Amino acid sequence: MYYPFVRKALFQLDPERAHEFTFQQMRRITGTPLEALLRQKVPSKPVSCMGLTFKNPLGLAAGLDKNGECIDALGALGFGSVEIGTVTPRPQPGNDKPRLFRLVEAEGLINRMGFNNLGVDNLVENVKKAHFDGVLGINIGKNKDTPVEQGKDDYLICMEKVFPYAGYIAINISSPNTPGLRSLQYGDALDDLLAAIKNQQQVLSQKHHKYVPVAVKIAPDLSLEELIQVADSLVRHNIDGVIATNTTLDRSLVQGMKYCDETGGLSGRPLQLKSTEIIRLLSQELQGRLPIIGVGGIDSVIAAREKIAAGASLIQIYSGFIFKGPPLVKEIVTHL
């Protein structure tokens with residue numbers, strides 16, 4: 001397959017520059033006959049989850065296409081779902097560069113992007129132009145300069161704007177790169193946020209005459225006690241799904257490697273075991289009351305099967321896709 005050669009060239013570039021270059025090329029060929037070069041035939045393996053039918057269980061995780069610029073090109077690769085974002089009410093530049101690092105030996109990434117995006121209105125315009133026939137997830141967050149106490153307002157603003165266009169909405173309260181954001185995962189702050197989100201979902205469902213499920217994305221760095229509390233809150237508020245997990249602050253598996261001490265969230269192979277364990281514990285606690293979307297270090301068929309065996313109904317990839325490329329999509333969907 002051609003990807004090892006493409007990867008070699010891309011890995012000569014700074015990681016963020018490589019990402020920008022790739023998206024530039026994808027945008028250039030979308031809607032032209034060259035788009036056929038991206039298209040991969042994958043088997044149909046329908047899965048029902050959150051009241052939606054997914055063409056197959058494999059999705060692209062949020063963070064790769066923050067502004068919804070390459071939905072059709074990514075969809076052509078065979079994903080059953082594509083999750084775009086994280087998007088915030090207002091555009092923001094994110095953290096200072098450099099803010100994305102490859103840990104090549106570990107097949108991991110560290111990022112401290114900080115929700116860099118062009119704002120929810122820009123994303124909605126891009127979504128309107130897309131023709132992807134899979135499930136489109138839209139991941140929403142709060143602006144960095146919005147006080148955490150008013151954070152729920154940012155989620156409600158984004159919900160209202162994306163609701164007519166989303167297959168499902170993902171609530172990101174677990175990025176380590178927005179100060180104070182992870183505090184929304186705990187106790188009264190979480191209950192307050194979930195109550196507001198559920199109320200907004202009901203209001204918007206009546207307004208638009210359609211139901212859009214809401215999933216909450218959680219961190220892998222929760223203690224067992226915290227995880228049990230989160231699970232209890234999700235069930236009490238009738239949230240439709242949980243995405244487990246976001247990136248980790250734990251560096252125990254990458255000690256001594258280049259960039260291991262960079263601030264930010266670690267993803268990829270070093271996150272694999274930790275995220276699978278969170279899924280297993282969450283599954284035990286939830287007892288099937290809401291579905292789990294498993295993400296974190298999936299880079300092979302076996303890693304994908306482990307997530308499903310632990311209790312995930314759907315799975316997503318990101319870092320594995322960077323390191324293994326489009327062939328990973330076909331390989332996982334074919335052999336799941």
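Cβ coordinates are placed from backbone N, Cα and C, and glycine is handled just like the others.
Look at Swiss-Prot and you will find A62, G63, L64, D65, K66, T86, N139, N172, K217, T245, G268, G297, Y318, S319 tagged as FMN binding site, backed by sequence analysis. Remark: L64 (FMN binding site) has H19, L74, Y318, F321 as non-local neighbours, by Cβ distance under 8 Å and separation of at least 6 in sequence. Secondary structure from DSSP puts L64 (FMN binding site) in coil.
Close to N172 (substrate binding site) in the fold, though at least 6 residues off in sequence, lie A62, G85, T86, N139, I140, G141, L181, K217, N246, each with a CB less than 8 Å from its CB. A strand conformation is recorded for N172 (substrate binding site) in the three-state DSSP classification. If you look up Swiss-Prot, you'll see K66, N111, R112, M113, G114, F115, N172, N177, N246, T247 marked as substrate binding site, on the strength of sequence analysis.
If you draw a 10 Å sphere around the CB of S175 (active site, nucleophile), it holds 25 other CB atoms from the protein chains shown. The annotation active site, nucleophile is assigned in Swiss-Prot to S175.
All protein chains shown were included, and the count of other CB atoms within 10 Å of the CB of Y318 (FMN binding site) stands at 22.
Taking Cβ-Cβ distances under 8 Å and a sequence gap of 6 or more within the same chain, the neighbours of G114 (substrate binding site) are Q92, G94, N95, R99, K144, N177, T178.
Nearest Cα neighbour of R112 (substrate binding site) among the listed recorded positions (K66, S175, G268): S175. Burial estimate for the binding-site residues (K66, R112, K217): highest at K217, by number of other CB atoms within 10 Å. For S175 (active site, nucleophile) paired with G268 (FMN binding site), the C-alpha to C-alpha distance reads 15 Å. Note: G268 (FMN binding site) has non-local neighbours L103, A106, E107, G108, L109, G297, D299, S319, G320, I322, F323, i.e. same-chain residues 6+ apart with C-beta under 8 A of its own C-beta.
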